[in-house]
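So the structure is just underneath, and the comments pick up after that.
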Amino acid sequence: MTDNPRQLAFVTLRDIQRRGAFADIVLDEKLRQADLKDADRRLGTELVYGCTRRRRTLDAIIDRLAKKPAHQQPPDLRIILHLGLYQLCFSSNIPPSAAVNTTVDLTKVNNLSGLGGFVNGLLRQYLRLVEAGNSLESILQLPENPVSRLGILHSFPDWMIKFWLEELGESQTQQLCDWFNQSPSLDLRINPLSTTLETVETAFQQQEIIGSPLPKLPQGWRLSSGVGAIRNLPGYDQGWWTVQDASAQLVGYIVDPQPGEIIIDACAAPGGKTTHIAELMGDNGKVIAIDRSPGRLKPLKQNINRLKLRSIQVEVGDSRHFPQYNNMADRVLLDAPCSGGGTLHRRSDSRWRQTPDQIRQLSQLQAELLEMVSHWVKPGGVLVYATCTLYPQENEWAIASFLSRHPSWRVEVPNLDLPVEPTKEGWLKIWPHRHQMDGFFIAKLRH
Ligand SMILES: C[S@@+](CC[C@H](N)C(=O)[O-])C[C@H]1O[C@@H](n2cnc3c(N)ncnc32)[C@H](O)[C@@H]1O
């Protein structure tokens, strides 16, 4: 059991690399086994997520300063160098000498004492360059080509940068990269069936937790600082609120469910939007929540109990195979499985896991789901298609291809005062750096 946050970060990063495991899952496991104060837990977490996110940039510094490139360094040494360089480049509150000394200590604890001098030398070489007035960009001697230049500087794969450059141009791509490299904010959605925004605000203020209402989202509240364990916050057990990002809250309003209606949520787990829909209907009507993953439906069932909602019926299964619901629903929500390209700030390793090939496979599944669940909608009813990604293959192209095969359907511009303007096509494309919320795509269709 370690009481050293840097050692915790080292063993976590080593496990992520050896096992190919998800960063948040391994970190959770290690934090449970560790004996750390709150501040040290925060430092260990920042180091793990930061080194994972900034891997490409950190490797590029090693490539510049060491004789051998990063990928030829012994794997454990490479992790130790990442930890040291991350603290020197990206942590604002760690004195450089502490960063260097604690990193050299890691070589001793992990049977790499012989390499302590090399680590010390490389980190001090970096510091000397900074002290001589060199920026990170000049230390990296970046290539002219904007794709590699931005990819190395902001630590993203080239194919992602290429896509953003095409959609946004250089200046906005930089802004988007900065957004995805920062720690995510935490938004709550207040449950109007059990409390009010004012009550929640007062209860949080009593614990010195500050937040502010989300503009044009009547139940939304954004926390201004880190808050520790969610379950310990006031009102969790009483079902006063649900954690849900602003852009995901928008989806419920665009579905616009009315009391007494039948709504089907085709990909419901873990249920953030299902429970919002039930709340918006005053828990009066029927929400059928389907998902093919029983494991992901467990938190939905827990949330239904915690929020004391009675209008939700949960079904396990593949939404491509429910012909019994044809022509049954007033409204259908397809919050489709997607690559998550709008939420890269929430998972430090997802930028390295996503591939263009996965996007192609997902777009096939999205098209099949869209086709099948559209049959559930009654004539005159509504189908809302949403994803938390920004790639056209999973969004605009999916809708265009569906509309070309189904001329009786059309895009309907939501008749609501929203924090994001619809595009000229009538759907919402939410870019995080412009709208300060997760990246999302939401299209409302009617036939
Ligand atoms: C983006 S998540 C849904 C998030 C959820 N709507 C919420 O707000 O909490 C996509 C979900 O689709 C489910 N899924 C994937 N393929 C499916 C299918 N063929 N049928 C039903 N559910 C599916 C996944 O298990 C996953 O829970």
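From the backbone N, Cα and C atoms, a Cβ is placed for every residue, glycine too.
Record features, source TrEMBL:
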DOMAIN    176-447  domain 'SAM-dependent MTase RsmB/NOP-type'
BINDING   Cys267, Ala268, Ala269, Pro270, Gly271, Gly272, Lys273, Asp291, Asp318, Asp335  S-adenosyl-L-methionine binding site
ACT_SITE  Cys388  active site, nucleophile
- Item | Gly271 (S-adenosyl-L-methionine binding site) in three-state DSSP notation | coil
- The number of other Cβ atoms within 10 Å of the Cβ of Cys388 (active site, nucleophile), counted over all protein chains shown, is 24
- Neighbouring C-beta atoms (10 Å sphere around the C-beta of Lys273 (S-adenosyl-L-methionine binding site)): 24
- The mean pLDDT across the domain 'SAM-dependent MTase RsmB/NOP-type' (176-447) is 96
- The record names Cys267, Ala268, Ala269, Pro270, Gly271, Gly272, Lys273, Asp291, Asp318, Asp335 as the residues that bind S-adenosyl-L-methionine; what is their largest Cα to Cα distance in Å? 19
- Query: Rounded to a whole number, how many Å is the Cα of Cys388 (active site, nucleophile) away from the Cα of Asp318 (S-adenosyl-L-methionine binding site)?
  - Reply: 20
- Message: I'd like to know which of the binding-site residues Cys267, Ala269, Gly271, Asp318 has the most other Cβ atoms within 10 Å of its Cβ.
- Response: Gly271
